[in-house]
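Colleague: Dumping the structure here so I can ask a few things about it.
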Amino acid sequence: MNIQELFLLALMPVLKTLLIAVVGLYLALDHVSILTAEGRHHLNNLVFYVFFPSLCASGLISSSTATGIFSLWFVPVSILITFLVGSALGWILVKITRTPQHLHGLVIGCCAGGNMGNLPVIIIPAICAEKNNPFGDSSACSINGMGYVSLSMGIGAIGIWSYVYNIIRAYGKRDDGDVSTYSKLRENSHTETSKRALDSTTQTLLPSSNSKGDEVSAELIYQRSMDETKVSIPTIIEKKVKSLVEYIDLSVLFRPPTVATVIGIIIASISPIQNFMVGSGAPLRFVESSVVLLGEAAIPSMTIIMGANLLRGFKRSGVGIWLLFGIIVVRFVILPIIGVAIITVAKNLGMVGTDPLYHFVLLLQYAVPPAMAIGTITQLFEIGETECSVIMFWNYAVAAVALTLWSTYFMYILS
């Protein structure tokens with residue numbers, strides 16, 4: 001296939017996604033008022049608790065007959081790399097742009113957590129459905145591709161709801177409503193301490209009949225301060241770990257997408273359970289069929305919600321241009337380049353097999369825009385909601401072009 005055919009092939013699923021997102025945006029308009037704030041809230045709950053977990057589980061279960069689940073071990077490794085590299089780049093970005101403290105978690109989360117859910121779920125089947133796709137038979141391509149994407153989506157959801165959730169929560173705690181009161185108290189305390197220090201300094205400058213006693217007291221205070229500074233390294237590490245654990249909410253690991261991913265992996269990896277539930281002769285085949293049916297509703301629902309949520313970002317623009325530009329560069333320039341290098345090395349070392357579709361899904365992890373779940377997290381903590389909407393709007397606007405170009409390039413180097 002020539003470059004023009006690959007470009008058109010990559011453009012079709014992106015256009016489909018945009019069209020469904022525009023429908024969601026239209027339904028959220030004030031004069032239409034179908035997807036109001038309350039309506040989006042209820043639909044988002046359905047997606048989060050029912051549709052999205054069903055999609056994760058059904059994709060893993062359905063693909064287990066065609067691909068070995070343990071042969072896809074590089075998927076979580078690759079996702080971990082995207083989170084680590086994205087976090088490092090996000091931290092550098094907030095330092096360069098001098099982002100407000102309470103938005104540090106949002107920016108780092110947007111750079112680290114990509115949309116490994118509804119976008120790849122739409123893109124992969126759409127590409128496989130094309131007759132001239134570079135990945136072979138449409139049916140086998142769709143089944144295998146959904147297996148790769150479902151595992152990627154499940155692991156990505158774990159990362160979003162454990163790491164990104166906690167980092168936004170941690171930075172939000174440092175700059176919440178109580179901080180202003182705390183700062184005033186600390187400022188008053190600092191003023192009183194300064195006054196006492198000034199008084200004590202004045203007294204030491206004045207002659208005193210008990211100078212020897214003062215010298216002994218000063219020496220004892222100095223010795224005590226020296227003893228306090230001699231703290232062992234393990235003690236320091238222990239204190240740091242305890243302070244970090246205070247900001248981590250382990251309950252997020254038991255969110256529905258995470259639980260569904262674990263259940264899907266268990267069913268896909270244990271043959272007796274798989275034979276009991278999967279296949280035309282399985283006694284509980286109706287369970288799998290029901291889960292698949294619920295999972296099919298996730299793709300249009302998530303995309304409609306995405307379009308409706310982008311409306312706020314379209315109306316407001318309270319984020320600095322350099323911060324927006326930095327996030328776009330991280331997500332659509334630096335991360336994809338790093339991804340190409342990592343997957344190329346892994347392929348040459350024989351770590352990712354020989355299936356080009358598998359390689360394409362791995363590369364796609366580095367080129368997607370920020371996860372829409374980050375917007376849900378900011379709404380949950382009421383931290384940077386408007387800023388998140390602006391970031392999402394412009395990133396998804398750029399993704400229409402950037403994701404098409406990167407998908408074209410990925411298929412070109414893999415074909």
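Backbone N, Cα and C define each Cβ position, glycine as well.
So TrEMBL lists the following for this protein:
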| type | residues | note |
| --- | --- | --- |
| COMPBIAS | 199-211 | compositional bias 'Polar residues' |
| REGION | 190-211 | region 'Disordered' |
| TRANSMEM | 6-29 | transmembrane segment |
| TRANSMEM | 73-94 | transmembrane segment |
| TRANSMEM | 106-127 | transmembrane segment |
| TRANSMEM | 147-165 | transmembrane segment |
| TRANSMEM | 252-271 | transmembrane segment |
| TRANSMEM | 291-311 | transmembrane segment |
| TRANSMEM | 323-345 | transmembrane segment |
| TRANSMEM | 357-381 | transmembrane segment |
| TRANSMEM | 393-414 | transmembrane segment |
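Thinking about packing and proximity, how do these listed features fit into the structure?
Modeller: Cβ atoms under 8 Å from those of the transmembrane segment (73-94) belong to residues 103-104, 107-114, 116, 148, 151-152, 155-156, 159, 163, 167, 323, 326-327, 330-331, 334-335, 338-339, 342-343, 346, 351-352, 362, 365-366 of the same chain, restricted to positions at least 6 beyond its ends.
Counting same-chain residues at least six beyond the ends of the transmembrane segment (106-127), those with a Cβ under 8 angstroms from any Cβ of the stretch are 9-10, 12-14, 16-17, 52, 55, 79, 82-84, 86-87, 89-91, 93-94, 99, 133, 135, 141-142, 145-146, 148-149, 152-153, 155-157, 159-160, 163-164, 167-168, 171, 298-299, 302-303, 306, 323, 327, 330-331, 335, 357, 361, 364-366, 368-374, 377-378, 383-384, 387-388, 391, 395, 399, 403, 407, 411.
Tertiary proximity for the transmembrane segment (291-311) is limited to same-chain residues at least six positions away from its ends with a CB under 8 Å from its CB atoms, namely 17, 20-29, 35, 40, 43-44, 46-47, 50-52, 54-59, 61-62, 117-118, 121-122, 372, 375, 389, 392-393, 396.
If you look at the transmembrane segment (357-381), the same-chain residues 6 or more away from its ends with a CB under 8 A from one of its CBs are 44, 48, 72, 74-75, 78-79, 82, 106, 109-111, 113-120, 123-124, 135-136, 141, 144-145, 148-149, 152, 156-157, 160-161, 164-165, 168-169, 172, 302, 305-306, 309, 327, 331-332, 335-336, 338-340, 342-343, 346-347, 388-389, 391-392, 395-396, 398-399, 402-403, 406-407, 410-411, 414.
Outside the transmembrane segment (393-414), and at least 6 residues removed from its termini, the chain residues within Cβ reach (under 8 Å) are 1, 3, 6-7, 9-11, 14, 18, 21, 110, 119, 123, 127, 134, 306, 310, 312-314, 324, 327-328, 331-332, 336, 340, 356, 359-360, 363-364, 367-370.
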